[in-house]
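Read through the structure below, which is laid out as structure tokens, and then see the notes.
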């Protein structure tokens, strides 16, 4: 599953600094039970036979026969499911999941089709655990096969989970309805009674009833269609492969499609609402190329005969990897050359790459439980970069890998972080696992491992993993054993080509002359939270290394420092370059401290080459001064990735109280000679974040001086930008970000040009095409005038381009008119003009606007219960709303206000880890300003005088 893209790519930096993602509250569990046993529920005098959140393993589902009949007029559906089960322990009831389904009939048959009772069976329901129990009149015996048959009815869901309704408007203004599914992580139970846990894999035979004006889609191709009475059709789909419940999918709609085939014969189709059919062609091209790449890279054929990709008009996340029927938000799949920018194209390509990677990582091999969701999401996130780099090298996707790791570090450097592999039990906790730690940190440690082992060793290891666990479930350690080519004693003695687990340490990748226990090494990255700080002290040709846990909210002078450091140790694969050699040095640091002896004395050393490792580096002594001097004299002596890494590390160390703000700002002075967009945007991004924070605190002298400094010092970069779509993807990304910031800061030439383009566009009744890379900047400038804002809102309502609507919404949210911002939020809450799916990103955007910050915060406080009802507790949208509206705060008074609000919603906030993330972010901002406001004031005065 892909998280939703909130704003244009430039916002990645702001979100990185503010650490926008969150994680799940976790408790220890054992085996197949819950974290704690609850009292058994009495229902009409009968006791519910199971008292844990997780299902018993007494029964194993083998095959589901599912019939679904949605009514798109009454917005209801009926269903029946016949589940073939194997009994592992004698039982008198079958416990499975069901949520918001009205059970009408339940029966059990033996394997010969004989009913165990001639009367419908009693069904008990445990609402808190979302479970039902079908009571059997006779014991179900170990080793026997039975069929559980349940008929039910329900309403199509109003939200974004289960089997839910979605609507769209045609270009003629007609509203049409469709029904679609989204089951991950725990919502298949909202569409049919099932064993809704990832390790209960089964086959599915699905039938869907519809009328002749609609089509039905599911995981597999249609085998045949039966004509029924009353103008109904029943589509019978081929039997699926074995898969988890959360991957089942079906859609009933009136969409149109475009199709193609891969070189191996897989039919690939892109579906969209009829009026947007013309926007599907790029996705088809990308999907075919990426699917072909994955078949070759994984050396395993895609196992289904078709792969459908469908753009759903109402969709909470970015996309979902349902096997054979991947579902997408429209902006994540559709590409309109007239309105989509270079960043939009990259986004679509990366999301498709992510979901298609899941067809192997997640679908073919599935994590055993949600505590290891990173095995799905971390891999899919990393394979985005591997696949897009191989298939579309011109998109320069590797530039965004740095942003991904910066985002992970921002989250992981807070004490409220969590281990990659963390316990999660209930649905809210499980939803919170879909966060920066699982996605971004997961991707970054895989990148570090690939760089460490070499591409070939890494690739062959994951192919072994996929082959060994195909159609099965896997745990964290299974991945490391596969990459290290270890196996069980049983496999070893049966002749499997692998190393026995007792010989794991002898299965040696030689690294700096040492043998390596890969599992032990990687456990330090997945089973403990946080990120290491590597402290480098160079004296002559001897480099002393120390490692600590890097924290931005606990300083070495704080009383809790020692306790927060205790027990943390990583096995860190270090890389470095020196003034005397471009050859990359390597060293595996497995202890708290060590020394490395260089062949000769060097004038500088730079660790974490190309930022291929997941760690922060601090240079003691004259280490930072040497690197600052290097950048000023010859910045190309290190790569653009190294330069961006140095800027990032410096400002992270400022937040942690390890480096002075003056030194970090001095380091950025070299940017006057920088030509690469990645370090330029990294330096500009930090200055922008500081500007926003100080502006909101109403400190006019520093605000004005910092604005003047940005516009003066980066004048050469701003003025050379053209208002066009020319150049490489890197050039276009820089243009979008720089011109947006310049106009936002009121740079007169920028504002003048944007106003001119906006007036021309309005004068043509929006028939002329604006350069796509600067469209949102032009809209934002135009939206500052009342008539411009109104025109854009009208245009928003009739636009058929999702990317255009997204840019318009960003512009509308940039207005300095508080009444307009309040109206915008109200429209989002109503969900008609602005769809509910866009409400959380709208709140985020309004909160970033200095005028809208408190408007957004007060809106969230007032409508909290409605927001939870719309998006579900623990969802990405709820986490984004909390972080988005609190991350701008930086005073003790605001901290107390946020605490009071969280206390007022204790029933909800106590279940969420994100509330702790929000509070810690706020505390970080307060401490940053306390330590750095005066140094910032002095540094600006000094450097503006010198300019």
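Just so it is clear, glycine is given a Cβ too, placed from its N, Cα and C backbone atoms.
Here TrEMBL gives coiled coil for one range in the set 877-904, 905-932: that range is 905-932. Comparing C-alpha positions, residue 439 (site 'Transition state stabilizer') sits nearest to 377 among the recorded positions 354, 355, 358, 377. For residue 355 (active site, proton acceptor), the count of additional Cβ atoms within 10 Å of its Cβ stands at 29 [all protein chains shown].
The distance from the Cα of residue 355 (active site, proton acceptor) to the Cα of residue 377 (Zn(2+) binding site) comes to 10 Å. Annotated Zn(2+) site 354, 358, 377; additional same-chain residues within 8 Å of its Cβ mean position, judged by their own Cβ, are 1, 2, 321, 355, 357, 361, 362, 376, 379, 380, 381, 383, 384, 439.
Each of the binding-site residues 354, 358 was scored by the number of other CB atoms within 10 A of its CB, and the lowest score belongs to 358.
Within the same chain, the residues at least 6 positions away from residue 377 (Zn(2+) binding site) whose Cβ sits under 8 Å from its Cβ are 1, 362, 434, 438, 439, 442, listed in sequence order.
Averaged across the domain 'Aminopeptidase N-like N-terminal' (61-247), the predicted model reaches a pLDDT of 97.
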